[in-house]
């Protein structure tokens, strides 16, 4: 089994993980995570799930607090598409051998060129294309613009300069033709699309890519597949989420931003299956939902090896850190643990999907909590309802029931080994 994994699975996962395009998207969106998390905390402060919370702080600080929170949200969220373009251009350029600020500038300029100028508010251009509606545009423009720049740069399309020109001036002028090439291409794209019924690249990508992918990602089957692959790959020593996020992260990011936007303005939350759904309601304690496993180990196992591991790993597991379990039991190439390790997140996904679909628990709001937020607290804060904490507790118990026979079998194996050592 190990030999087959090393021969087939590991090379494939390595190629996916190291693919420049997928790697750049994954790394670029990760760069935005701290910013989105801070933004989410501001929104959470303004909408904390306690009756009378907002009115209390308004009575203390007046409307100023609400205005600060609103301006912080607008200042970041309304330009999230532009930010995606900048960070993707940066990471794609960096992974393609282009260092410095140039890739980000190329992406920024290209994105701005494509913005339609028909929607105006007074003398100002509407920000509708800079926000969530521009996420997929920003992602693609960030990659394509840098690729075009790299193509022209590698072709050495440069202005020949006299040796008497200072290096600082010469270096900036060498970028002139590659920059001009990229600007020309995107200007032509904008003009051509403007002459058609599509009118803008935003409409084209929205119709052909963004909405189909979001509809595909916002489904129970999609998240079951995500969690199955993420857990299954761990069995072979492959960091599953790194592989699955290469494909799912842009979709989940966009769905999450839709929820966050609706939550901020008080609209109905549109999506169930977001990044928060996966992180908070399917994998407790990390990949494989190993917090359920740890509770079995601590409460019911008798072998010294498992007991010691449980005491060591329980507290980190509560905060979502499960490396001590994955490498301590170990999970990798351990058939006795492989089945529940894959099954529990999938079962949690199905249970949570049904519960949210039946509207027994409010949808996740899109508020991005620190990934170390413990269960029960994370459920409450992510939905504003204590029922979400009850759902998490129920799924932890279900996970324990699934893990129990497998962990007890492993416990007997270790206990027999320990007893034999004592006899000898």
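Heads up, residue numbers simply count up from 1 along the chain you see.
Glycine residues also receive a Cβ, built from the backbone N, Cα and C atoms like all the rest.
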Pick from 219-238, 239-258: which stretch is listed in TrEMBL under transmembrane segment?
219-238
With CB pairs under 8 Å as the measure, which of the listed stretches 68-89, 277-300, 312-335, 342-363 comes out on top against the transmembrane segment (101-118)?
68-89
Among 68-89, 130-149, 176-199, 219-238, 342-363, which stretch has the highest count of C-beta pairs below 8 Å with the transmembrane segment (312-335)?
219-238
Is the transmembrane segment (68-89) close to the transmembrane segment (277-300), in the sense of at least 3 CB pairs under 8 angstroms with a sequence gap of 6 or more?
no
